[in-house]
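Participant: Below are the structure tokens for one structure; questions will follow.
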Amino acid sequence: MEKCKIKIINQSKYSLPQYQTQGSAGMDLYADINKNILLKPGERVLIPTGIFISMPIGYEAQIRARSGLSIKHGITLINGIGTIDSDYRGEIKIIVINLGQEDYVFQPGERIAQMVIKKYIMAEWELVDHLDQTPRGVGGFGHSGK
Ligand SMILES: O=c1ccn([C@H]2C[C@H](O)[C@@H](COP(=O)(O)OP(=O)(O)OP(=O)(O)O)O2)c(=O)[nH]1
Ligand SMILES: [Mg+2]
């Protein structure tokens, strides 16, 4: 794909977002903070990453939690998966919540989340009165059993 552009304002203390292994889908994002941030259980905070990006039209970036932080400390993203639009030019920030039972301290430069670049399709609507029939019909929310 065409290269994505990136601008970094984090005093170059941290490197470009990195894929940690050849096969990693996500690249880790760093907390661009100059002092520790303490998050008590149940609290949420917006953490800056120091990066601004520009992707070709048709691509989005998804911000996802890191499983290690989630299982060990209950740290996750309150918005589920963060959506970074291709036309967004602001700083990427991470909305984290502490769902654990203990305080968690974010340190400067810590890897707080990961970012996956994805293609998306822009849908067009066709307004109709009736939708086609399917075997599932209106069944959902577990109607097929456990
Ligand atoms: O975890 C996130 C989610 C979003 N954003 C930025 C990039 C995204 O393009 C913009 C808007 O996000 P979203 O559409 O999810 O939020 P909104 O509440 O709908 O805001 P807006 O009205 O600006 O679209 O905020 C982040 O930096 N981190
Ligand atoms: Mg929006």
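Even glycines carry a Cβ here, placed using N, Cα and C.
Unlike curated entries, TrEMBL annotations are predicted automatically.
OK, TrEMBL features for this one:
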type	residues	note
BINDING	Arg66, Ser67, Gly68, Asn79, Thr83, Ile84, Asp85	substrate binding site
DOMAIN	14-145	domain 'dUTPase-like'
Participant: Can you check which residue among the binding-site residues Ser67, Gly68, Asn79, Ile84, Asp85 has the largest number of Cβ atoms within 10 Å of its own?
Facilitator: Ile84
Participant: Got a sec? Which of these binding-site residues, Arg66, Thr83, has the most Cβ atoms within 10 Å?
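Facilitator: The most densely surrounded of these binding-site residues is Arg66.
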Participant: Go through the binding-site residues Arg66, Ser67, Gly68, Ile84 and pull out the ones with a Cβ less than 6 angstroms from some atom of ligand 1.
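Facilitator: Passing the 6 Å Cβ check against ligand 1: Ile84.
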Participant: In the predicted model, what is the mean pLDDT computed over the domain 'dUTPase-like' (14-145)?
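Facilitator: Mean pLDDT, the domain 'dUTPase-like' (14-145): 95.
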Participant: Does DSSP put Gly68 (substrate binding site) in a helix, in a strand, or in coil?
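Facilitator: Assignment for Gly68 (substrate binding site) reads helix.
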Participant: Tell me, by DSSP, whether Asp85 (substrate binding site) is helix, strand or coil?
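Facilitator: Once the DSSP labels are grouped into three classes, Asp85 (substrate binding site) ends up as coil.
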Participant: In Å, how large is the greatest distance between any two Cα atoms among Arg66, Ser67, Gly68, Asn79, Thr83, Ile84, Asp85, the listed binders of substrate?
Facilitator: 26
